[in-house]
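First comes the structure, then the notes that go with it.
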Amino acid sequence: MFELFTALMLGILEGITEFLPVSSTGHLLIAEHWLGSRSDFFNIVIQAGAILAITFVFRKKVWSLATGLDKYSNRDYVMKLATAFLITAVVGLAVRKANWQLPETIQPIAWALIIGGIWILIAESVAKHLPERENVTWSVAIAVGLAQVVAGVFPGTSRSASTIFLAMLLGLSKRSAAAEFSFLVGIPTMFSASSYACFELFKRGELLHENWLEVSVAFVAAMLTGFAVVKWLLGYIKNHSFAPFAYYRIALGLVLLTWLT
């Protein structure tokens, strides 16, 4: 029963943190430090729940883009989404083949949380002096693609934080537009990464000993929580900055570093 409870908690944690700029990977690793580690497949499945949540939130936007390619604005937006995704896929695969990734331990995660918090504050400070723009440029698309790779290499960075705030610094100063582009790019990116990782686990026969009840509970928890959090966040950022998330990251990072000493 305790294992089922921890699976539920980890699913909820994934749903809360996946699309907030606080690093879901970092929070899951911290939680697993006390609750016990889970299999790679478990972590893939709960991320899949979050992917379904964000897909459902943006279902109308996705459908509009898919059925409206006769419009230049839609074609341009889709091409930029595709560019960001392909950059992430190509560079990310090269990084994966090179086994280039920091160890998933508490100390580097703590530093990534702190640095990411400072990064958010800088981006907010710069963006508020820029005219409000919601047009995605090619430089933003390319930078977002590379930022996703950086987030994958450095646990604790946060895919949302690295992509949203780099986009804001490069001129996509309207928070909702930056967040929307980040989330839409995240759908194919996370789906592809999860599918690839799951296929690798399947080939190695590592799916035979999973507790499917725990996996299912965590999946549903991540999906429902992720949906609620994204809906809330999209409303919140219309009239608020991301600064509270920055302060939270910095505080959590400092607490973790203090705990390690």
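Glycine residues also receive a Cβ, built from the backbone N, Cα and C atoms like all the rest.
For reference, Swiss-Prot has these:
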{"type": "TRANSMEM", "residues": "38-58", "note": "transmembrane segment"}
{"type": "TRANSMEM", "residues": "75-95", "note": "transmembrane segment"}
{"type": "TRANSMEM", "residues": "106-126", "note": "transmembrane segment"}
{"type": "TRANSMEM", "residues": "136-156", "note": "transmembrane segment"}
{"type": "TRANSMEM", "residues": "181-201", "note": "transmembrane segment"}
{"type": "TRANSMEM", "residues": "217-237", "note": "transmembrane segment"}
{"type": "TRANSMEM", "residues": "241-261", "note": "transmembrane segment"}
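The stretch in 106-126, 136-156, 181-201, 241-261 that contributes the largest number of Cβ pairs under 8 Å to the transmembrane segment (38-58) is 181-201.
Among residues of the same chain six or more beyond the transmembrane segment (241-261), those with a C-beta under 8 A of the stretch's C-beta atoms are 20-23, 30, 106-107, 109-114, 116-121, 123-124, 128, 161, 164-165, 175.
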